[in-house]
Amino acid sequence: MPDPSDEPPVWATDRFHLCETVPNCKLFGGGAYTKNGFAYAFLYAASASPRDYLDGSVIIARAPGGMKPEAGSTEMSIAEDQSENFVTRGLRHTMKARTPVVLITKNNNKLMTAGMPHEYCVLGHYKPTHIWWEKHKPISGKSDPKDGLRYRLERLNPYEEKAWFQPKGTEEIFPPGWFDPPIVASCCSCRGTFQQKYLQGWICVNKDCRAYWKLPAPSGQLQPLDITSLIYDPRFLKQKTTWPEERSLFFPLEYRPMEVTEDTRGEDFYSRAGWNGLVCPNCRGCIMRMSFLGWDCETPGCNYQVRVPLDKPMSASAITDSGPAFPLTDGYTPSQDVVYSDTIRVCKQICDDNFRMARYNLPIPGPDCYVVHKISNATINKAPGGPNDMFKQLQCTDIGLRRRRIGSEKRKEPKYTRHLFVNVGYDYNFVASGSEKSVPFAKVKAEAVRDVRTRLNWSTAQLIARALGRPFEEVREWYKRQEFNECLILSYFQDQAIGFHDDGEPGLGPNIATISLGDTGIMLFRMKKTRYSGVSKAGIYDWEYPPIPGCFKYKERLAQHDTIVRNAPTKNKQEYWKEAAKKLGLNKYFETPPVVLKIMLRHGDEAVMLGALLQKYYDHSVSHVGRIRFALTCRYIDPTQPREDGKPKGIPEPDMRLYDGSQLPLPRDRFGNPIRSGWEWEADEDFNGYQEFEGYNEEELRQMAEDDEDEGEDDAGLDGGDDEDF
Ligand SMILES: [Zn+2]
Ligand SMILES: [Zn+2]
């Protein structure tokens, strides 16, 4: 195939790079991007259907939707009548508003007459000029022609320049406007006025009209137009559409690169604009903000990079705090947690070592499973080496925070996490590919990371001691054997969040502790879908885990669970489980389990999850308000457990440091006496038994809707969408 005449204005190696770099082009899943009723971008790829057309100025494409692959082929054919969906409506609005759309081609586009130099190339801005109904040959096996929608788009080209993708050394033979203007006529039946689209003759393209898609036969009778030999009328195809002041319609294909000036503050680079992609000024490739340090062009040989200033950290006083009614003091900070469900047993809060500690017991059988929220105060945060210092250090040090690929490296179309992260300590297979090693605690550049591990070890041993009612010194001795040997550090910029997930990977210890630094995080807990509904996605009864209070049909399931499991046959188990689920009427897998607990994690707060089964029964998500939040999560990885990928394991580094949070001065009452409550947890007295979840009341729903709005885009939402291109 010949080379194109020129280089594309912007190109990318994968969708993610493209979608984060070209404005209004979030084609993460589908073939079209619409927002607020407007269509903004289309991906033009893969299979072509009959009468698809492309040259240097004009593109005729079918609307997305209703397509299926032909048996044994990748060729897509229309399987159902299309209907006017949001994409077509969006394009109509765009067309009426005289706003251009961006067209992108994938390098498997069969209509391109020049070889595409990259996986994804931006063709340019286009004017949508016509949308009309057409009869299509249906997919093999179906006889009736199907209704489909067609788009005609004309390249926005006010200076009449050659398209970059025109084959090298060639000219466009008939530029727009070369022929006579198209023939326009009105339909006798519906009075609609249309241009003649096909050489076969003028037809009505109003799908609801009696005369739709029909030509008068010599007898005078209306006959359906034969779809096998349609040819576009060149007067229609190559007409020139002029929009008012086209020279004014200049839209950059890239976000304006962030400039670093004397006024630049580090926190600017945590804003939404701070993690848009950039177009490389040297090679025109898309560059994602992959690293905490900035942008690095990944094109081999191109070393273009943009660095963010690491010497201008956001100060702890600039943190966006959701609790302005409770400014931090040296007293015990009030809680803002919300318990939505009666199934969560709340313990009496303990105030000690400057932390207000709230304990939430989850209704899981067996050893206690609970979440403790340790609410920090000003004394803790401002102490030397405390959360304020840690927050600063994490912003000013290169500790290797990066976005990384999700899933297998062999996957053709890579996906990336939104947040940045790095693993420190015991070498667990933290990246699916296992190609990256975690950083030993001894080598991580920020002291804060080592400090966090020691602090969280102290916190967790303390909590276990309190739970057992044993002296701390005694518990610390044996806790040492399961102390945290790994730390996962995550950073979330503005609008980045993590969707519902659990932290229970194989080979992890039962306790997981997190410290939150920076803007306030909102941590939500809900039952896992299978535990809540009692069935897997495939409809298999959840036989491994007994039902717990708060799940769907709790009483019925509880009454029958043991019998169902005991009577399971040795053969045809799947059928048996499915039948059991059906009999119980467990049909809510696709219903979202209710949120049972909300924890407001302010700067310096810790959340400790205790009990192995907690991760089997509950998921959690975290979003945040403001610009930047770090979460440092410590876990114990059992060195005797084999790695999932079979690779050699690392050497655990014991925590040789000491931390004692009880050394800080305690809050005092007005007479100067230190304030602290008792050592052991006590159950809150008013507990009226486990209630069946009866749905939220209006106030709760409203509150949760507000929380959702803050949540932004989450990782879990990225997987949806078929790869349907038009
Ligand atoms: Zn008509
Ligand atoms: Zn470059």
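For all residues, glycine too, the Cβ spot is worked out from N, Cα and C.
Annotations in TrEMBL come from automatic prediction, not curation.
TrEMBL lists region 'Disordered' for one of the ranges 135-171, 690-726, namely 690-726. Of all the binding-site residues listed (TYR492, HIS501), HIS501 has the fewest other CB atoms within 10 A of its CB.
Taken residue by residue with DSSP, HIS501 (2-oxoglutarate binding site) is part of a strand.
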